[in-house]
Every structure is written in structure tokens, then in C-alpha cells.
Amino acid sequence: MSRTFLKMNGLGNDFVVIETLTQPFHPTAEEIRAIAKRPNAKEGEGGIGCDQVIAIDPPRAEGASAYVRFWNSDGEETGACGNGTRCVAWLLMQSGQKDSVAFDTVAGRLSGKMAGDKLVTVDMGQPGLAWNQIPLAEEMDTVGIELQVGPIDAPLVHTPGCVSMGNPHVVFFVDAPVSDAFARGTGSLVEHHPLFPEGVNVGFAHIAARDHIKLKVWERGAGLTAACGTGACAAQVAAVRRGLTDRVAKVEFESGALTIEWREADGHVIMTGPVTMEFVGKLPEKVAA
């Protein structure tokens with residue numbers, strides 16, 4: 001049986017979104033990889049192409065509109081995705097003709113509300129800041145952990161902050177925005193460092209002003225992406241913890257910007273950004289699990 005999907009993106013961070021309220025979806029890692037593989041016109045192969053696959057399941061608890069699952073393009077299920085969360089919130093609000101919505105994920109309950117035309121604000125909850133919440137392989141102060149890349153006496157990057165936003169993040173603060181090549185080389189190296197038993201998303205944050213961060217993120221299981229919502233949240237939290245930014249800041253990617261607030265009253269991280277609907281399609285029969 002064929003299955004409909006929606007192709008969406010948040011600042012170019014793109015998703016294949018599958019509604020599973022009436023038709024259950026239990027894909028293998030291989031099937032997720034087949035969906036996420038980007039088309040190659042030269043070789044005449046590839047799937048739909050995306051950074052993550054998202055399934056919107058029936059709710060499992062009172063007060064939620066859905067239960068949402070996320071997979072990285074390598075086929076591994078992940079706990080959270082900030083840009084994907086905004087896309088899901090927008091879809092649920094559109095279908096329910098509501099201005100706000102709540103839904104559950106493996107990382108906990110998230111909520112969203114309309115902030116304008118295809119602009120969504122999402123409450124990402126409280127960040128995990130303890131070493132075993134990231135998790136790290138050993139106890140460390142997550143404001144700045146003992147990690148560096150490069151020569152001991154002249155490291156390229158060092159002493160990053162660590163934050164969990166339902167998925168693990170490490171954030172290096174850099175004096176100037178890094179190149180894609182640097183982010184790929186360093187990010188792929190740090191992603192699988194023994195300090196991170198579950199792997200890690202790697203951010204490179206340049207503080208342009210107290211209300212402005214320029215960010216590039218190497219995503220665990222997906223590689224270098226146009227934008228990363230949880231990465232933006234993690235960068236802002238890590239920066240505030242070091243006294244580098246105020247509680248509200250614009251986090252800028254090359255593809256656009258998100259507004260991130262680490263709310264002092266309750267410690268919740270609030271993300272506001274755009275949602276883009278690209279197209280509707282049908283999954284190939286072989287991956288319509």
C-alpha cells in the first residue's frame with residue numbers, strides 16, 4: 001500500500017513527514033536510509049532525500065495531539081529535532097484549526113503556538129545540564145569540558161560546553177565563523193569521541209554580539225545541515241551559562257535565523273522560527289513500511 005508523505009523544511013533543514021494516525025509505520029534502519037538518501041541524477045538512484053524522517057503517531061497520553069518519532073538519515077531513531085518540531089507543530093495546528101498544540105516525544109512533551117504566517121514558537125522544555133544527562137562517559141563540569149582538537153599547545157578548538165536538548169550537543173566557541181570544511185572535518189571527528197557514548201551533535205558558535213550567535217552544526221547521524229533547531233537551543237544555553245549572551249538571542253545560520261530564549265522563570269528553552277512546506281508525495285512501495 002502506498003503512503004503519502006509531506007516534504008517540509010525549517011531554514012533548509014529538511015524532513016520527510018509521515019502521518020501514521022491511520023496506518024502504522026514501523027520502518028527498519030535500512031528503510032529510513034532509503035527514504036533519506038538524496039536523489040542522484042547522474043547515477044539515477046536515491047530516495048526522496050532529507051536530513052530526518054518524522055512520523056506523527058496517534059497520541060499515547062491525555063492532553064497530547066500526537067506522539068512524534070524522529071530518525072536521522074543514518075537510520076537511527078533520535079529523541080528530538082528542533083526544526084522538525086516546528087514543522088510538526090504547524091501541521092497539527094493546521095489540521096486541528098488551533099493556535100496552539102502539545103505532543104509527546106521520547107524526550108518528553110513539547111508544545112507549540114503560532115507566531116505569524118508560517119512562523120512557529122515551540123517550548124523545547126528544560127535543557128539537560130548534568131554530565132550524565134548529556135550523557136558523557138565520565139563526570140565533568142558541562143559548562144566547559146576537558147576536550148580539545150589539534151595540538152596540545154595550540155588547539156584549534158577546546159573546552160566546549162555540553163547541553164542535552166533531548167539529544168546530546170557539544171558547543172565549541174570560536175573567534176570567527178568556521179568553514180564548512182572545518183565543520184565537517186572536526187565535527188565528524190568529535191561526533192564519535194569516546195567521551196560521548198551515544199555520539200554527539202557538534203556546534204561551532206561565534207558570538208557576534210550579546211544577542212547574536214552565528215552557528216554551524218555537524219549533526220549526529222546526518223552530517224553538516226543547513227540549520228539545527230536543537231543545536232541553536234544548545235548554543236544559546238551554553239553561551240548564557242558562560243555569560244556570553246543575554247537570555248534572548250538571534251541564532252543565525254547561513255540559511256536564516258532562529259530566535260532562542262532560555263527563559264529564566266522556569267528554565268524552559270523557547271524557539272521561534274519559520275516553517276516551509278515543499279511538496280506532497282508518495283513513498284515508494286519498498287519503503288512504505
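Every residue gets a Cβ built from N, Cα and C, even glycine.
Residues or ranges marked as active site, proton donor by Swiss-Prot on the basis of sequence analysis: C81. In sequence order, F15, Q52, I54, F70, N167, G229, T230 constitute the residues six or more apart from C81 (active site, proton donor) in its chain with CB-CB distances below 8 Å.
Listed in sequence order, N13, G82, N83, N201, G203, L215, V217, E219, F253 are the same-chain residues six or more apart from C228 (active site, proton acceptor) with CB atoms under 8 A from its CB. Marked as active site, proton acceptor by Swiss-Prot on the basis of sequence analysis: C228.
Per Swiss-Prot, substrate binding site is recorded for N13, Q52, N72, G82, N83, N167, N201, E219, R220, G229, T230. Under the DSSP three-state reduction, R220 (substrate binding site) is assigned to coil, being neither helix nor strand.
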Environment of N13, Q52, N72, G82, N83, N167, N201, E219, R220, G229, T230, the listed substrate site - residues of the same chain whose CB lies within 8 A of the CB centroid: D51, T78, A80, C81, G84, V217, A222, T225, C228, G231
Where C228 (active site, proton acceptor) falls in three-state DSSP terms: coil
C-beta crowding around N72 (substrate binding site), within 10 angstroms: 25
